[in-house]
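Step one of this worksheet: look at the structure below.
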Amino acid sequence: MSVSNVFFVGLMGAGKTTVGRAVARRLDLPFFDSDHEIEARCGVRVPVIFEHEGEMGFRDRETQMIDELTARHGVVVATGGGAVLRPENRAFLRERGTVIYLRANPHDLYLRTRHDKNRPLLQTENPRARLEELHAIRDPLYREVAHFVIETGKPTVAQLVNMVLMQLEVAGIVVPPAASSPTSQVSRQS
């Protein structure tokens, strides 16, 4: 089966890695998480990179990794939440594959990430307010780059995976194994 690339974007805690890994498994494709790949290359966790190189240093590494990963063929990639901040990353993603925006509201994201110390942008006095700020800034960028938007609020991971596969099948991008899924929380982006 010929499959193009599938890229997941969204804020931290939206489920990009979990859903992306499951979609890759169902499509029998290799899966990559851009943050994990950066960590493997550097030999340290993302918070350490932020501490030593600052956010801009990390973003430089991220752009290089996004370029490398999106240049491959037949892969599923979960991007870091801030990958869409740079125009070149948005171009790599939009032009080299199908982009799925896993959208979650800031409250749900806060509940999912509040105990995670590996999220440097949330190590603030008010992480909930920070998530609301990040959502306000990034949501338009995610929508700009996305081919599909999937709301992650209520569905289970299995339902989200089926929703992604259904959208890819309807768009003629893949012919996945039989999967029935709800469609009420999916919207097509032009």
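All residue numbers here begin at 1 and follow the chain in the order shown.
Cβ from N, Cα, C; glycine included.
Around Ala14 (ATP binding site), taking its Cβ as the centre, 25 other Cβ atoms fall within 10 Å, counting all chains. Look at Swiss-Prot and you will find Gly13, Ala14, Gly15, Lys16, Thr17, Thr18, Arg119 tagged as ATP binding site.
If you look up Swiss-Prot, you'll see Thr17 marked as Mg(2+) binding site. In three-state terms derived from DSSP, Thr17 (ATP binding site) belongs to a helical segment.
As annotated by Swiss-Prot, substrate binding site applies to Asp35, Arg59, Gly81, Arg138, with the evidence given as sequence analysis. Over all protein chains present, the Cβ of Gly81 (substrate binding site) has 22 other Cβ atoms lying within 10 Å.
When Cα-Cα distances from Lys16 (ATP binding site) are compared across the binding-site residues Asp35, Arg59, Gly81, the shortest belongs to Gly81. Cα spacing between Asp35 (substrate binding site) and Thr18 (ATP binding site): 13 Å, rounded to the nearest whole number.
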